[in-house]
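Report on the structure given below.
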4 protein chains.
Amino acid sequence: MRIGMLTAGGDCPGLNAVIRAVVRTSRAEYDTPVLGFEDGWSGLVDDSAVSLYDDEDIDRLLLRGGTVLGTGRLNPDTLRDSLPQIKRTLERHAIDVLIAIGGDGTLTAANWLHDNGVPVVGVPKTIDNDVAATDYTFGFDTAVSVAADAIDRLHTTAESHERVMLVEVMGRHAGWIALHAGLAAGAHMIVIPEVPFDIDYVCKVMKRRFQMGENYGICVVAEGATPAEGSSMTIDEGEIDQFGHQVFTGVANAMAVEIKERLDRDVRTTVLGHTQRGGTPTSRDRVLATRYGVHAAHLANSGKHGVFVALRGEDIVPLPIADAISRLKTVPVEMYDEAASLFG
Amino acid sequence: MRIGMLTAGGDCPGLNAVIRAVVRTSRAEYDTPVLGFEDGWSGLVDDSAVSLYDDEDIDRLLLRGGTVLGTGRLNPDTLRDSLPQIKRTLERHAIDVLIAIGGDGTLTAANWLHDNGVPVVGVPKTIDNDVAATDYTFGFDTAVSVAADAIDRLHTTAESHERVMLVEVMGRHAGWIALHAGLAAGAHMIVIPEVPFDIDYVCKVMKRRFQMGENYGICVVAEGATPAEGSSMTIDEGEIDQFGHQVFTGVANAMAVEIKERLDRDVRTTVLGHTQRGGTPTSRDRVLATRYGVHAAHLANSGKHGVFVALRGEDIVPLPIADAISRLKTVPVEMYDEAASLFG
Amino acid sequence: MRIGMLTAGGDCPGLNAVIRAVVRTSRAEYDTPVLGFEDGWSGLVDDSAVSLYDDEDIDRLLLRGGTVLGTGRLNPDTLRDSLPQIKRTLERHAIDVLIAIGGDGTLTAANWLHDNGVPVVGVPKTIDNDVAATDYTFGFDTAVSVAADAIDRLHTTAESHERVMLVEVMGRHAGWIALHAGLAAGAHMIVIPEVPFDIDYVCKVMKRRFQMGENYGICVVAEGATPAEGSSMTIDEGEIDQFGHQVFTGVANAMAVEIKERLDRDVRTTVLGHTQRGGTPTSRDRVLATRYGVHAAHLANSGKHGVFVALRGEDIVPLPIADAISRLKTVPVEMYDEAASLFG
Amino acid sequence: MRIGMLTAGGDCPGLNAVIRAVVRTSRAEYDTPVLGFEDGWSGLVDDSAVSLYDDEDIDRLLLRGGTVLGTGRLNPDTLRDSLPQIKRTLERHAIDVLIAIGGDGTLTAANWLHDNGVPVVGVPKTIDNDVAATDYTFGFDTAVSVAADAIDRLHTTAESHERVMLVEVMGRHAGWIALHAGLAAGAHMIVIPEVPFDIDYVCKVMKRRFQMGENYGICVVAEGATPAEGSSMTIDEGEIDQFGHQVFTGVANAMAVEIKERLDRDVRTTVLGHTQRGGTPTSRDRVLATRYGVHAAHLANSGKHGVFVALRGEDIVPLPIADAISRLKTVPVEMYDEAASLFG
């Protein structure tokens, strides 16, 4: 038995913790060698591989952000066209099963490969927490924690200078980070992609704060938030990149212009950016990533394929990969309404 | 409508976040006044109360550890004998429903009061994560995070000095903190109350590390861990305190003596103690505590009693208080075995 | 004896710690009442004052970012024109001495007031660490720590995606934050205002890294950095605001365009912004701010005016305010060269 | 030219940052190979050496606590008897100069070796900040930061439970950590070795707090603190270990017994222990350690021996090693008195 492993898609704290757990469990419990492919799917296509041993270097990965295997994105068409090369690489190294760690795009590719005769076990990865069928994904808690810490810091600056402060956080299609970081850091308003916002309502909430004697306001904005149709504000639509993803540009900045105009207050924007997806994972993400890795190793070593590992309550369970990619997990409107009790 | 609220039992990060969310939701959504009783149940017995307003001071509680209401423990017999006083206090303030935030003891008392005609909504609280029927309780993530940070720091000291390091963490009856902090910080051995340990096995794992060329080892010990019967080590049984709780004393220190003798290595013990239960909650605990508070406020304001709020997957659901106290939630043996893949 | 106090200029972690120490020391050691003026100099001009007591609320300020007194900037001409109002306010409250906490502009104003018959004790404040005559100012260590944490996180993202990452930090006229955060976080290149940069040299250092087999590079950029004259890159000069300060816009973004073109690599920019100046101060800044406050209180209460508190080695010493404002403290070229040993 | 390097004495955050800076500077600026000796002086005696290259592994050391070279203590007599072996090892590897990183004991040994013909450059290291002739040593800021964070957490627990909390921190002969951590975390009392304490005075300060309406108190205790002669409390004298150091045992616990008796309050003790000396250094310690390393490398490579690197204000300067060991740097009484303004 030999296992192959790769990480694909965006960087995410906890990737290395999964790698470590897969290698340690496979070597210690099954004596199975693990081969890592570099830079995502392209390492599999081009056969760029490295042996992973259960040594001190692997052990230290637990706290390290990023992925020692490197990562990358591959156009789905390119992947399909490369099936022969992929199979050849797997045969050359006598790989029995591939563990693919990645987000929606990676799991979609993994599912297609599985349907085309490549045994795969999936590990879901997304900062955004928007993979269906699992309660949480690792990296999300770290992103929320980094964002909440930053918002905590902005409170005092906003207050000292009597400002409205807009904080743009990650979340193109789902507002999980905005919702959790906003709740954790006591934001006075949160806007998310799932609930198009009315800029007049946002201004009303801020104005009410000032009328109540408060002298500042914090609004957390998911990068994918959009104004409601028919509302008094529009933003430019972003372009579509080569992977079919919309490129978002500056909803928080656009909101700042409008709020400044309507409230005649000092308004500032902070875009948190890449710091949300790098660095040492929180303890929770290390536990979740480690548990995913241990379970993925057990599944791979016992011949269970076409599944991915999912968190359900406190249990890690194997589910068909198709379940992960069937739909995007977005914030339910009731959960947003629940948070809205605390706006203002 | 008027709501009473109290916090009882041990200190726990997130108590203030619950208080804030209850007050803000009740005042903003229902215009319901909230009265806090001080120092746990005794504030209710002795009628020591304070009005809680939706102002800046309440808002700042989100990040503050501890509880502004104070806390305390009350002997169950005393509580029962005080039912008349408790009812009198509630009548005097025209309280319609009491929100009781606490652990197993508090929820048991809340259930008994509910059975005796006092409308109660419960909010589960325990650092130890051992309340049944809810996936997680707030405070637990903070405790794990503090413990994991400490263990991260001990790694380098242990390594530089070639030591075996024992770290005693909280957990009298359940090993959740030990298990999660140990996994998060890459401990080489974890012992928990649910799985009595064999000191010879612990030494064997450490010895194997030294034979493999490693020069140190970290073992995380839950304070309630006990040696397996018939194993070659015993520890003094702790006394029983006035609340019927066993007082634990020094299992890590007792283990250190045995390991030193068997391995002839430098062995040190660190007892993390109270730092695990104080201070600013993690962002996750702030979110969970806030959501509990919002839901408890909605339940109390809509006349739903005899229930407590529980986390199930990503949802907060109301469950009968009796479900919370029916059993202690302990670490399943399979989950411990899963972690054991990474020992050594 | 009565003391007045105000905070002016930009927000800075540790302002509240100074306020707390002044109040506690004055009340406990001298029984002297302290009056705070709100929103900087304008609180003195408009007589907006608040009594500060040695109570629990003051005590809690130690860990809180920002300033409870509020802050603001005042045009120097306006200040001069307002001397009569300022004197009237001080007389009305029978203030014997004013403690002014602020940066270069504030200390210049304080010095002018002192020369015009207003007894003043100064406390230097600047995130940027560019106040002459004191080794360090509080707020600087927090800003460096926040920036270094962010850069630590960017390392793994840059590495996983094989990018050049530019991180813009605060520092309009002095590169202290860039230099210290860059050294602390192992940046591969640092550019500061004191040493105009040659974009070709920056690219050369990055290119050398890639040739040595590394796959990413991090360059820390002070917001006030400028290209060397005659070098192959220019940037737009910023405007001058109403206080005579240059408004900087986007040197890191301008560099990114050039580097991308020359290296044909993925280049990203992160602008850290306001998070560097808010939030809980580091322990070091709390100690320094507290010591400044204690000493300022002793000076004010013993009738020593026209001085500010400065850190020299491990001692806090009083120096003439004029010494603080005589020159900007910039990074010595030798110190930059020392750091350059570690570039690449 | 060839450089040897070793780390000796207790673990200290920043040791690896010095090692990294020495290697990178020596290799990049002078093309000088650096050899590391393992486990302190014994690596030199027994010739246990490892080549250190300017590669990715060295670069990553910046954030890592502990020392990759390992450390150890050597009895001074043993060191003296081993001079011939030491000289033989240095000759065998053609070492021109030895960089010794360590505390008082290590620098004393380094000075003796220098007097006996071994060219040495010293780098001062001590958590306790008690090396004379340098303003600060790396590791100290990290220790203070860890201790202050812990005390921050204990505040809320002490307050919720209305307790007196004693926190024992490191500091056998000097109270720097206790003083700084106590000031940073707003302790209500601090006791240090330099100023023998009167337990009645400690109790008086705590009692006054309770009389003023506060319900808890925090007292920070340096492990080497001792009761004043003639005061109403004594503690057992610790033993003397093989290195001539006194072994301290439990001053905080002894104080707790006395305070409990006198105040009839719940009193608890937390001993912070080893967590203060491990783990990732603060950004400040990384900067200081890096600057020490760069300067030590320049000194060694330019043939300046018999000196150690010291921080004076903002400058790193070379001083005779004898200056470092001539006296212990303790907290001046005036600095303690300054802090005492804030007790209670």
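Count begins at 1; order follows the chain as displayed.
Using the three backbone atoms N, Cα and C, a Cβ is placed for every residue, glycine included.
Listed in TrEMBL:
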type	residues	note
ACT_SITE	A:ASP128	active site, proton acceptor
BINDING	A:GLY10, A:ARG73, A:LEU74, A:GLY103, A:ASP104, A:GLY105, A:THR106	ATP binding site
BINDING	A:ASP104	Mg(2+) binding site
BINDING	A:THR126, A:ILE127, A:ASP128, A:ARG163, A:MET170, A:GLY171, A:ARG172, A:GLU223, A:ARG268, A:HIS274, A:THR275, A:GLN276, A:ARG277	substrate binding site
DOMAIN	A:2-299	domain 'Phosphofructokinase'
SITE	A:GLY105	site 'Important for substrate specificity'
Per-region confidence, the domain 'Phosphofructokinase' (A:2-299) (mean pLDDT, whole number): 92
Counting across all protein chains shown, how many other Cβ atoms sit within 10 Å of the Cβ of A:MET170 (substrate binding site)? 27
Judged by the number of other CB atoms within 10 angstroms, which among A:THR106, A:THR275 is the least packed of the binding-site residues? A:THR275
CA pair A:THR106 (ATP binding site) / A:ARG172 (substrate binding site), Å rounded to integer, equals 17
Look at the binding-site residues A:LEU74, A:THR126, A:ARG268 and tell me which residue has the greatest number of other C-beta atoms within 10 angstroms of its C-beta. A:THR126
Chain C interface subset of recorded positions A:LEU74, A:THR106, A:ASP128, A:ARG268, A:THR275, A:ARG277, CB distance under 8 A, sequence order, none if empty, is A:ARG268, A:THR275, A:ARG277
The answer, for which of the recorded positions A:ASP104, A:ASP128 has its Cβ ringed by the most other Cβ atoms inside 10 Å, is A:ASP128
Among A:GLY10, A:ARG73, A:LEU74, A:GLY103, A:ASP104, A:GLY105, A:THR106, the annotated ATP contacts, find the widest CA pair distance and round it to a whole Å. 13
Pick out which of the binding-site residues A:ARG73, A:ARG172, A:ARG277 has the most other Cβ atoms within 10 Å of its own Cβ. A:ARG277
In three-state terms from DSSP, label A:ASP104 (ATP binding site) for me. helix
Applying a 10 Å Cβ distance cut-off over all chains shown, what neighbour count does A:GLY103 (ATP binding site) have? 23
May I ask for the distance between A:ARG172 (substrate binding site) and A:ARG73 (ATP binding site), taken between their Cα atoms and rounded to an integer number of Å? 17
Quick one: Cα separation, A:GLY10 (ATP binding site) versus A:THR126 (substrate binding site), in Å? 8
Give me the Cα-Cα distance between A:LEU74 (ATP binding site) and A:MET170 (substrate binding site), rounded to a whole Å. 22
Measuring Cα to Cα, tell me the gap between A:ARG277 (substrate binding site) and A:ASP128 (active site, proton acceptor) in whole angstrom. 10
